[in-house]
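Structure, as structure tokens:
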Amino acid sequence: MENRKTFSWLKEQMIRSISVSIMIYVITRTSISNAYPIFAQQGYENPREATGRIVCANCHLANKPVDIEVPQAVLPDTVFEAVLRIPYDMQLKQVLANGKKGGLNVGAVLILPEGFELAPPDRISPELKEKIGNLSFQSYRPNKKNILVIGPVPGKKYSEIVFPILSPDPATKKDVHFLKYPIYVGGNRGRGQIYPDGTKSNNTVYNATSTGIVKKILRKEKGGYEISIVDASDGRQVIDIIPPGPELLVSEGESIKLDQPLTSNPNVGGFGQGDAEIVLQDPLRVQGLLFFFASVILAQVFLVLKKKQFEKVQLYEMNF
């Protein structure tokens, strides 16, 4: 009887432990997914400022090119591709958060016209799914389905990102019209230089915060440096903290000036933005255009036939 009670108690404790583990996993997984993927989502209601500048440029300071390719025109309720290319030298290595070197990651934000959105999985063809790969897109905000974000993802595999887009149908969405619309895109390769709170990352250059002489350079156990700068005029001492990653450019006893670079700039990445235009085409206009072309061709055919008939009549009259 006592053994049975002990077994029952052990069974109950095991069930509780498993339940707690599952709850912790779910909570942790949810918090991670909510924080992923782009810092801009946390601090900006709209990723494109009134000036046209995409806010990712606030953290990624270097300017690099991107290329966006979309169809010239699409029909309503149609799935099409928006292809973003983020070119860079695949041999480059970036400074990671721990100071070590690693491959570059890429990320992007695609700002579509109102009404355009990510195509649902059941509307994406197998060929398009193969082009997309294992990428997972998400809306910038739940109420902004026309703004899509992706990343960070490995740059070597996804320097070309294919977005599956569904065009709107003005027949069901009265605020959408058959017009030419702009599309805006921003893409980065590599880590940023500034965090959203304004602090520097270890992927940027560090400058002296005071004029003076480098009295001491202390190499920290986990990487990085503490640089003691003494002002010769008043003896005031300032300590500049350098995180692991950037290479030191100064040495002890060296005289330096305010804002003089203490380290190299390890950044090899950068951010770029571009735009394109797309026409939401009315099917009736296309049909009308095809009818017009057919009419012109038929008119040309009848004109040729009439000319040949006239020539035959002239030849007959001359022979008569």
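Including glycine, each Cβ sits where the backbone N, Cα and C put it.
So that you can see what the record holds, here are the features copied from Swiss-Prot:
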BINDING   Y36, C56, C59, H60  heme binding site
SIGNAL    1-35  signal peptide
TRANSMEM  286-306  transmembrane segment
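If you draw a 10 Å sphere around the CB of H60 (heme binding site), it holds 25 other CB atoms from the protein chains shown. The Cβ neighbour count for C56 (heme binding site), using a 10 Å radius and every protein chain shown, is 24. Within 10 Å of the C-beta of C59 (heme binding site) we count 20 further C-beta atoms, all protein chains included.
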